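Chemist: This structure is in structure tokens; I'll ask about it shortly.
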Amino acid sequence: FDVNSHTTPCGPVTCSGAQMCEVDKCVCSDLHCKVKCEHGFKKDDNGCEYACICADAPQ
């Protein structure tokens with residue numbers, strides 16, 4: 001699953017798949033799931049969590 005291929009146009013900007021558009025501004029999505037991830041959920045460059053996508057182990 002390529003998280004970078006799921007983006008949303010939002011006025012003059014584009015939101016990542018971990019964000020939603022609110023009045024031409026990207027904000028972290030409030031979607032959650034019950035998956036347990038050993039290293040937490042994957043985050044975008046803004047710190048927003050992707051729902052149900054586990055983060056890789058720290059290097």
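Cβ coordinates are placed from backbone N, Cα and C, and glycine is handled just like the others.
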Chemist: Regarding the disulphide bond with Cys28, report which of Cys10, Cys48, Cys52 Swiss-Prot records as its partner.
Modeler: Cys48
Chemist: Check for me: which candidate out of Cys21, Cys33 does Swiss-Prot give as the disulfide partner of Cys10?
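Modeler: Answer per Swiss-Prot: Cys21.
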Chemist: Using the record from Swiss-Prot, pick out the residue from Cys52, Cys54 that is joined to Cys33 by a disulfide.
Modeler: Cys52
Chemist: Could you check which of these disulfide-bonded residues, Cys26, Cys33, Cys37, Cys48, sit within 10 Å of Cys10 (disulfide bond), going Cα to Cα?
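Modeler: Near Cys10 (disulfide bond), where near means Cα within 10 Å, the disulfide-bonded residues are Cys26.
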Chemist: State the count of C-beta atoms found within 10 angstroms of the C-beta of Cys21 (disulfide bond), not counting that atom itself.
Modeler: 15
Chemist: Could you tell me the mean pLDDT over the domain 'Antistasin-like' (28-54), as a whole number?
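Modeler: Taking every residue in the domain 'Antistasin-like' (28-54) and averaging pLDDT yields 93.
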Chemist: From the Cα of Cys28 (disulfide bond) across to the Cα of Cys15 (disulfide bond), what is the distance in angstrom?
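Modeler: On Cα coordinates alone, these residues lie 9 Å apart.
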Chemist: Would you kindly give the Cα-Cα distance separating Cys48 (disulfide bond) and Cys33 (disulfide bond), rounded to the nearest Å?
Modeler: 14
